[in-house]
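Trainee: Taken from TrEMBL, the feature domain 'Mur ligase N-terminal catalytic' applies to 39-95. If you look up TrEMBL, you'll see 127-333 marked as domain 'Mur ligase central'. Annotated ATP binding site per TrEMBL: G129, T130, N131, G132, K133, T134, T135, in sequence order. Annotation comment: TrEMBL describes K238 as N6-carboxylysine. The feature domain 'Mur ligase C-terminal' is assigned by TrEMBL to 355-487.
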Amino acid sequence: MTSPVRMRPEHPESRRVDELLSTFSLVSAGRPADPDATLTGVTLASSEVVPGDLFVAVPGLKVHGAAYAAQAVAAGAVAVLTDATGAGDAAHLDVPVLVSDDPRSLAGPVAAWVYGAPATELVTVGVTGTNGKTTTTYFLDAALRAAHALTAVLGTVELRVGEEAIESPRTTVEAPALQAILALARERGATAVAMEVSSHALALGRVRGLTFDVVGFTNLQRDHLDFHGDMDGYFRDKARLFASGQARRGVVVVDDEWGRRLVAQSPIPVESVSTHVGADVAADWTVVAADIGLDGVGSSFVLRGPDGAEHDAASPLPGLVNVSNAALAIVLAHAAGVDLDVAIDAVAHAHEIPGRMERVIERDERWPLALVDYAHTPDALVLALEAVRPITPGRLVLVFGSDGDRDQGKRPIMGEIAARLADVIVVTDENPRSERPEVIRSAILDGVRAIRPDLTDVHEATSRAQAIRDALSLATAQDTVIITGKGHEPTQEIAGVFHRYNDRDVLQAAYAAGPDQRAEQHA
Ligand SMILES: CC(=O)N[C@H]1[C@@H](OP(=O)(O)OP(=O)(O)OC[C@H]2O[C@@H](n3ccc(=O)[nH]c3=O)[C@H](O)[C@@H]2O)O[C@H](CO)[C@@H](O)[C@@H]1O[C@H](C)C(=O)N[C@@H](C)C(=O)N[C@H](CCC(=O)O)C(=O)O
Ligand SMILES: Nc1ncnc2c1ncn2[C@@H]1O[C@H](COP(=O)(O)OP(=O)(O)OP(=O)(O)O)[C@@H](O)[C@H]1O
């Protein structure tokens, strides 16, 4: 995977180590700070150190970063910021060691300081929620692009500044990497940034040191309970984005109780958006009518603003959830200073988003329609299947699995959903990680069996690529094949190894091999 190291300013500002000490009231351990020593960057990972960096050594869930301080210094780190425990390990190093009670929380503010507070020169918008962050962020970027000459978009799919993009290592990068990217964006002349903010990022302080101009909330659904404990804990972590000092104002979708709770308790001013037509939820912005296009291309809807004026709008992706994402993106862009009509028009014409209801094979007389979607939670799976049903004259063929080392409870639930809403099911692997893949598949199949005890039209494939080929060979041209769970992901993680793998590539290779090959497989 490409590292975010490349996303750094070419001409960084420099800061003196002794100033860092006084600005953040740090205690010095080990060698005293040389008054001439300067810092030009910050990192949390020894493997990403660039000469001139401050290495922030934090206590992790697995190891203490201070164990890698010597490696960081060998790679060019000029100082180490750590806690009292880490200071013991780092004291012998030939660089100043600065001590704080909570170096992880300081990493963002310190990086913002080193890079010269880049966010203050950018319009910054952050989007959180279980589902829809990526989609909303891309819709939002389309609207920001209509008003700004250059923008950046940061999230699960990629880290993009203008036309320069790299694969993203995760949804929200570590705080120092984020500040470096913001500094690069500013250096390149970008004036607006749309980014996804995961609950892990909020829990681990990755957006500290950045005050967003506007933040958005999509929804809260069951996910990541392995990390956050329960839904209340998950909500508390998400709600951290809506805090004074973290954001100036917010926009919240109030379709679920969590959104309504967030509005009720938010310490920052928020606007609410209700997107379920007829739900009768009081909100500042309301989707009062929606025409969910049966062509699977998109939907049109009417958005009523706080002044009562009604606006014709559209989502370029199918399904009700994308009406919700489009409405949120429009209101976020407007709150971030984009003219409302400009935002509505730009969102309606937003480009396709990798792995989000992405149509890879179009239906013709020989091929089924085949799509890739990132749905990997029970609710998202329901929505994805419901979105494609109206555009499926024949049977709905679903290929899916569930991640290893992640929430185990959702496996049978997703199996049940598949059995209820799809006609033909191919259960396969997602990212098994350290778990045995057959154990994961078996948990999913338990759920399938609860609805379809005889397992009619249910298949199991040990290789995901084979599962996709199987699905294509099972499908007729009237059917729709939908592959959920991995979306744009460029790798599959099996037993600690990341294999290059992408659902879209497999579909395209099968398509390139031709329908005859498909028929042969069928035979
Ligand atoms: C659960 C979680 O988020 N863990 C994060 C946490 O890891 P950790 O506390 O276990 O760190 P550790 O491995 O003990 O290492 C401690 C410190 O030593 C450093 N280190 C470690 C080894 C080394 O060789 N050199 C080195 O410098 C590490 O960079 C780290 O700073 O801190 C590390 C950096 O400080 C993160 O890289 C790591 O994210 C891991 C990789 C991860 O997979 N996170 C996922 C779950 C995540 O954040 N996902 C969300 C999206 C979720 C979603 O919505 O789907 C995301 O934003 O991507
Ligand atoms: N507003 C929404 N409500 C519920 N489900 C949605 C919504 N938007 C998208 N989805 C479903 O969730 C899946 C993930 O969408 P998207 O990638 O936009 O979300 P995300 O928040 O970025 O997810 P992740 O954090 O896992 O990367 C989509 O493939 C779709 O099936």
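Any Cβ shown, glycine's included, is placed from N, Cα and C.
All annotation found in TrEMBL is predicted automatically rather than curated by experts.
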Trainee: Which numbers of helix, strand and coil residues does DSSP report for the domain 'Mur ligase N-terminal catalytic' (39-95)?
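Mentor: Helix/strand/coil tally for the domain 'Mur ligase N-terminal catalytic' (39-95): 20 helix, 15 strand, 22 coil.
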Trainee: To the nearest whole angstrom, what is the C-alpha distance linking T134 (ATP binding site) and K238 (N6-carboxylysine)?
Mentor: 16
Trainee: At the Cα level, what's the spacing in Å between G129 (ATP binding site) and K238 (N6-carboxylysine), rounded?
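Mentor: The separation of the Cα atoms works out to 7 Å.
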Trainee: What are the other residues, in sequence order, whose C-beta lies within 8 angstroms of the center of the C-beta atoms of G129, T130, N131, G132, K133, T134, T135 at the ATP site?
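Mentor: Surrounding the site, in chain order, are V127, T136, E196, T218, N219, N325.
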Trainee: Taking a cut-off of under 6 Å between Cβ and any atom of ligand 2, tell me which of the recorded positions G132, K133, K238 pass.
Mentor: G132, K133
Trainee: Counting only residues 6+ away in sequence within the same chain, which have a CB under 8 Å from the CB of K133 (ATP binding site)?
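Mentor: Within the chain, K133 (ATP binding site) has Cβ neighbours under 8 Å at V127, G155, T156, T171, E196, V197, S198, T218.
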Trainee: Provide the three-state DSSP residue tally for the domain 'Mur ligase C-terminal' (355-487): helix first, then strand, then coil.
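Mentor: Helix (H, G, I), strand (E, B), coil: 52 helix, 27 strand, 54 coil.
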Trainee: Does G132 (ATP binding site) have same-chain partners at least 6 apart in sequence with Cβ under 8 Å from its own Cβ, and which are they?
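Mentor: Listed in sequence order: T218, N219, V321, S324, N325, L328.
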Trainee: Let me know how many other Cβ atoms fall within 10 Å of the Cβ of K238 (N6-carboxylysine).
Mentor: 24
Trainee: Please report the number of other Cβ atoms within 10 Å of the Cβ of G129 (ATP binding site).
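Mentor: Around G129 (ATP binding site), other Cβ atoms within 10 Å: 27.
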Trainee: Which whole-number value in Å describes the distance between the Cα atoms of T130 (ATP binding site) and the residue listed as 'N6-carboxylysine'?
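Mentor: Cα of T130 (ATP binding site) to Cα of the residue listed as 'N6-carboxylysine' measures 9 Å after rounding.
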Trainee: Quick one: pull the CA-CA distance for the residue listed as 'N6-carboxylysine' versus N131 (ATP binding site), whole Å only.
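Mentor: Distance (Cα to Cα, whole Å): 12 Å.
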Trainee: Taking the domain 'Mur ligase N-terminal catalytic' (39-95) alone, what is its mean pLDDT?
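Mentor: Here the predicted model's pLDDT, averaged over the domain 'Mur ligase N-terminal catalytic' (39-95), is 95.
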Trainee: Per DSSP, to which secondary structure element type does T130 (ATP binding site) belong, with helix, strand and coil as the options?
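Mentor: Going by the DSSP assignment, T130 (ATP binding site) belongs to neither helix nor strand, so it counts as coil.
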Trainee: Would you count the other CB atoms within 10 A of the CB of N131 (ATP binding site), including those on all shown protein chains?
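Mentor: For N131 (ATP binding site), the 10 Å Cβ neighbour count is 23.
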